[in-house]
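Among the features that Swiss-Prot reports, GTP binding site is placed at B:18-24, B:35-36, B:40-41, B:G67, B:122-123, B:125-126, B:152-154, with the record citing experimental evidence. Swiss-Prot lists B:T23, B:T41, B:D64 with the feature Mg(2+) binding site. The feature ubiquitin cross-link is assigned by Swiss-Prot to B:K102, B:K136, B:K154. Annotation comment: Swiss-Prot describes B:C199, B:C200 as S-geranylgeranyl cysteine, evidence class similarity to another entry. According to Swiss-Prot, the feature N6-acetyllysine maps to B:K102.
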Amino acid sequence: MEEPPLREEEEEEGDEAGPEGALGKSPFQLTAEDVYDISYVMGRELMALGSDPRVTQLQFKIVRVLEMLEALVNEGSLTVEELRMERDNLRKEVEGLRRESSAAGREMNLGPDKMVVDLTDPNRPRFTLQELRDVLQERNKLKSQLLVVQEELQCYKSGLIPAREGPGGRREKDALVTRASNASSNKEETIIRKLFSFRSGKQT
Amino acid sequence: MAKKTYDLLFKLLLIGDSGVGKTCVLFRFSDDAFNTTFISTIGIDFKIKTVELQGKKIKLQIWDTAGQERFHTITTSYYRGAMGIMLVYDITNGKSFENISKWLRNIDEHANEDVERMLLGNKCDMDDKRVVPKGKGEQIAREHGIRFFETSAKANINIEKAFLTLAEDILRKTPVKEPNSENVDISSGGGVTGWKSKCC
């Protein structure tokens, strides 16, 4: 019971409402300081009641209750502080993630009809539909020419057209040879070669 | 060439969903062989087979198309030159049957008006996995007034019959004229076939 007078001085300096003000506070805003104020006020009033043994009895209980209240208030404010820190951390984290995803979103936001091509993928699409169309047409043309030549060859082999038939037959043969040589000289310009020209271009 | 090896050239086209067996049907007909490994056709390919009908040597130039959607702009440009089109579905694949109307619309949009059409329900050897009853194929063929066969490239069922029937139907519509002196004409999409049917 020596402490209360000390407390009075401190409180009167810091808190305008005085120690009595703590009793008017919301229980959720109560601090340890307020609990000390309350105990000071109650201690003073108990002292005024005199030294009745019943008062002393009650005083023990009141002290115990005030200690419990102090523990609760301390615990509560600690938890509040922890939660506040946790909240701030999470807020920062959310902001960071939001910034990241919006940056990524700007990159990926290509519209419904677009796709992303991985330039490091050796199997990525490279050629246009027109190029494919041209290559297929050329392939099929060459294939049909091959079939014609095979047929002609078969005719010669089977003796349908004798090799030394005369000028007509020879002309046919000459035509074949020139056609073949034309084909080989044209080889350089085939579409397939054109399409793959980037390879030789890279090396030089 | 001094001597022609055929009297008439018919251009046929195979269409239908990816994986129904168009290439296998053609491979069975042209090479009498079958391969189980599935290799998706890239765009468009063709094979040649010469058959004899009514004493005429008929060269069939059969175009095999890729069923995959991504090739459609390429394949549809080949419809124009076709005199006969085989629309193939897979009797074990309901979706391929449902898409028949889509393929028929494609024919209407891109092929010659008088093109000879035929419907094939392929893989009929796999009866245990069948989901399209034969009757449904027959019905849709009847509705569109076209011929129908159930085929199996694997078991060699109705393949030759289908091609020969289609060729016969085209031959029936073909006006009698001097044999075409042209060699295999590879032009595509141009519609220059030198062939016109005269309906009685």
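Positions of Cβ are set from backbone N, Cα and C atoms, glycine also.
Shown here: features listed in Swiss-Prot, placed on the structure.
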residue	record	contacts (Cβ under 8 Å, 6+ apart)
B:S18	GTP binding site	B:S40, B:A66, B:G67, B:Q68
B:G21	GTP binding site	B:V88, B:D90, B:N122, B:K123, B:A153
B:T23	Mg(2+) binding site	B:L14, B:I39, B:T41, B:D45, B:D64
B:C24	GTP binding site	B:F34, B:N35, B:N122, B:A153, B:K154
B:K102	ubiquitin cross-link	none
B:M126	GTP binding site	B:I91, B:T92, B:S152
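When secondary structure is read from DSSP and collapsed to three states, B:D64 (Mg(2+) binding site) falls in the strand class. Annotated Mg(2+) site B:T23, B:T41, B:D64; additional same-chain residues within 8 Å of its Cβ mean position, judged by their own Cβ, are B:L14, B:K22, B:L26, B:D45, B:T65, B:A66. Residues near B:K136 (ubiquitin cross-link) in space but far in sequence (CB under 8 A, at least 6 apart, same chain), listed by position: B:F97. Of the listed binding-site residues B:S40, B:N122, the Cβ environment within 10 Å is emptiest of other Cβ atoms at B:S40. Counting every protein chain shown, the Cβ of B:T41 (Mg(2+) binding site) has 18 other Cβ atoms within 10 Å.
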